[in-house]
Amino acid sequence: MLEHRRQIRYGSKIALKHVATGRFLSSKDIRYDTGSKQHIVFCNNWQPDRQTDFWIVIPPHKQYCKVGNPVAFNSAIGLKHQKTSRNLHSHSNESPKTKQQEVTCFSGADSNDNWLLQRHSINNDYDNSGHWVIGDTISLRHVNTKKSLSSHDFLLDDGNQEVTCHADGHEENHKWIVEVFE
């Protein structure tokens, strides 16, 4: 049975599916018109041929983890967008639609690229033992602001689903799962 639950490792190429809406975390070479004016992060329908939905699991900023090592729960991680080589990033700027915390892709590297990996929980009773494997429902909490990666049915002007950071990680909109793994 464990053969079907492969571990996510540093260097793994993954696609993160937003559980509530069934759309995938993505980015492209377009900037927000407002806020930080950094590169947009959104959720959309699966598009494997365009390679916009793939992310590489990397160590957090200024930390070293050997490629191939399994990723433990309750660890800080980074996610690098495969196509653009930009890091998943957040800060205190407001998002364009809901005015929640903006999420972007950033070409630099700083501590705003760090995300705490946790198993999703509906309360503060996290089971963060073990390592991240395919099929785990997770929450990613922004290390510096303590808000969780989120999405919802609010659409950006181009029809893609807005991605923000919001609240403490216990809501349905904070649930993500690795759908594709290479």
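Just so you know, glycine gets a Cβ as well, placed from its N, Cα and C.
Curation plays no part in TrEMBL annotations; they are all automatic predictions.
As written in TrEMBL, here are the features:
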- 5-60: domain 'MIR' (DOMAIN)
- 68-120: domain 'MIR' (DOMAIN)
- 129-181: domain 'MIR' (DOMAIN)
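Note on the domain 'MIR' (68-120): its mean pLDDT in the predicted model is 94. Counting residues of the domain 'MIR' (68-120) by DSSP class, helix then strand then coil, yields 3 helix, 27 strand, 23 coil. Mapped onto DSSP helix, strand and coil, the domain 'MIR' (5-60) counts 3 helix, 26 strand, 27 coil.
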